[in-house]
Amino acid sequence: MAAGVAAWLPFARAAAIGWMPVASGPMPAPPRQERKRTQDALIVLNVSGTRFQTWQDTLERYPDTLLGSSERDFFYHPETQQYFFDRDPDIFRHILNFYRTGKLHYPRHECISAYDEELAFFGLIPEIIGDCCYEEYKDRRRENAERLQDDADTDNTGESALPTMTARQRVWRAFENPHTSTMALVFYYVTGFFIAVSVIANVVETVPCGSSPGHIKELPCGERYAVAFFCLDTACVMIFTVEYLLRLAAAPSRYRFVRSVMSIIDVVAILPYYIGLVMTDNEDVSGAFVTLRVFRVFRIFKFSRHSQGLRILGYTLKSCASELGFLLFSLTMAIIIFATVMFYAEKGSSASKFTSIPAAFWYTIVTMTTLGYGDMVPKTIAGKIFGSICSLSGVLVIALPVPVIVSNFSRIYHQNQRADKRRAQKKARLARIRAAKSGSANAYMQSKRNGLLSNQLQSSEDEPAFVSKSGSSFETQHHHLLHCLEKTTNHEFVDEQVFEESCMEVATVNRPSSHSPSLSSQQGVTSTCCSRRHKKSFRIPNANVSGSHRGSVQELSTIQIRCVERTPLSNSRSSLNAKMEECVKLNCEQPYVTTAIISIPTPPVTTPEGDDRPESPEYSGGNIVRVSAL
């Protein structure tokens with residue numbers, strides 16, 4: 001009704017105002033209502049057992065992705081009418097929310113590598129992550145890339161040298177990882193010792209050591225004992241030169257090595273010595289030489305190769321380059337502004353030391369860094385006010401980047417700690433594997449020796465002795481099979497060899513002791529797999545039947561249970577674990593135990609005379625179950 005009214009109402013209104021005449025024909029059919037979403041358009045996504053439901057139109061908003069394209073049909077299961085994905089359901093929640101809201105977020109508690117794998121699987125690019133999470137995502141990804149690179153470098157300079165490595169690669173590996181060999185470790189400690197000696201000598205040679213004969217003024221130790229310090233400096237420089245040349249020759253890329261920071265430090269540390277050897281005694285040149293000797297202090301940076309803390313500090317400063325640049329730029333702006341203000345504020349004072357704006361730079365730097373030497377102080381009230389503001393602003397400007405630097409240092413430090421821990425765990429794991437292999441080999445050889453000794457003792461007729469030896473893995477599995485069959489079928493199983501011996505000796509059916517096929521039933525042997533009952537004696541059915549009589553032998557798939565009347569119950573089971581018919585009466589008053597013959601395939605044994613061992617006789621009886629060991 002409402003639909004019909006809605007159809008002709010526009011025509012009636014138009015005719016009333018004279019826009020168009022009333023239609024003479026029949027009214028048009030009412031417009032069809034938009035088909036509502038039915039259950040057919042509801043898609044069920046099963047992600048590792050977790051069910052997600054969403055509309056098909058929601059997924060088809062992004063046809064370039066896996067869920068939005070027809071490729072998702074490859075994961076459809078008609079039986080369950082679900083799309084099954086063997087992926088992480090926790091990360092999939094965020095991916096499905098992207099289809100719903102159009103905003104992709106990064107879960108901070110998830111692994112960055114697993115998150116990237118899920119995005120790649122479902123066809124999403126990381127660039128669509130929202131602005132609220134993108135910066136943290138990039139930081140985590142950069143940290144993970146650095147960690148993987150460190151692990152790769154560690155693996156390349158691992159503990160074990162590859163047999164295909166050249167001499168050049170071995171030398172470079174020894175420099176980068178001194179713990180790979182004894183010679184590399186010795187050279188590592190020798191260079192560290194000479195670095196310390198060089199730095200100490202550079203400091204001690206400036207200490208006054210008294211006046212020499214003919215001089216009133218005290219001379220420094222470097223001038224009074226010039227020969228000793230020169231020899232010491234020569235020895236240190238020779239060691240540093242040899243190290244630098246070896247590193248240059250063994251470097252994978254000499255161009256990159258020469259441009260590296262540590263290479264420049266090495267050159268600056270040894271260059272003043274060689275310049276001093278070729279310089280003349282001219283006073284002007286001597287003054288320049290004194291200036292060059294200042295660069296010897298850079299030898300202390302060579303300790304960075306020997307100190308993990310210094311390397312972490314260098315990595316921190318490198319990773320905080322943007323923050324340090326912002327700090328330097330902010331300080332420069334503040335220094336220029338406050339130096340200009342202080343100069344004009346103190347310009348009217350006659351005793352003011354702020355003679356120019358560059359002269360006020362010193363006061364501004366000292367004040368903003370909260371040092372306050374007191375050599376330059378403002379005299380006017382305006383100067384004191386602006387000086388206080390300068391001091392407070394310096395605290396704020398310097399304190400802002402400090403937490404970022406500290407967090408980066410902590411992050412890099414913990415990364416190195418985890419890397420060291422992983423290397424230690426890997427080393428311990430390899431040591432355990434080597435020990436296990438060595439122990440297994442020793443145990444195997446010992447078992448072989450025990451087996452040979454046992455065979456020799458058993459073959460000796462003069463000194464018969466019983467020597468217990470542990471069975472092979474095949475025998476262990478065989479006895480375990482017997483134990484499981486006994487527990488499953490309530491039948492007693494006997495080896496075929498034992499059964500043959502018992503049938504051949506009819507008079508000794510009730511033997512005082514028998515060789516049980518189980519490891520645990522052997523005297524002096526303790527089973528580690530399963531414990532079977534040790535039978536002092538067992539009853540063998542149809543023991544009085546001659547061995548030449550050929551009887552019927554049952555297969556394991558058919559097990560007959562007999563009672564006192566010996567009435568066979570025709571019941572077969574294709575599996576030992578299958579349930580039997582309820583009509584089968586298992587608990588008889590006097591059960592008759594079915595005996596099984598366990599056949600272990602053994603190679604034919606040749607007697608000393610050269611004849612082969614005769615075949616095993618066939619045995620009759622309907623109560624015999626033959627079980628093949630294979």
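A Cβ is built for glycine as well, from the same backbone N, Cα and C atoms used for every other residue.
Swiss-Prot marks one residue of S160, S211, S468, S548 with the annotation phosphoserine, and that residue is S548.
Between the listed ranges 214-219, 370-375, 436-441, 562-567, Swiss-Prot ties the annotation motif 'Selectivity filter' to 370-375. Identical topological domain names are assigned in Swiss-Prot to P252 and L313, which places both on one side of the membrane. Of the candidates S514, S521, S537, S552, Swiss-Prot marks one as phosphoserine, and that one is S552. Over the region 'Interaction with KCNIP1, KCNIP2, and other family members' (2-20) the predicted model carries a mean pLDDT of 44. In this structure, the C-alpha atom of Y373 (K(+) binding site) lies 70 angstrom from that of S438 (phosphoserine). Here S438 (phosphoserine) is positioned 66 angstrom away from T370 (K(+) binding site), judged by their C-alpha atoms.
Its Cβ taken as reference, L371 (K(+) binding site) is surrounded by 10 other Cβ atoms within 10 Å in the chains shown. Each residue contributes its Cα atom, and for L371 (K(+) binding site) and S438 (phosphoserine) these two points are 66 Å apart. Distant neighbours of the topological domain 'Extracellular' (346-357): 339-340, 363, 375-376, 378-380, 383; these residues of the same chain sit at least 6 beyond its ends, with a Cβ under 8 Å from one of its Cβ atoms.
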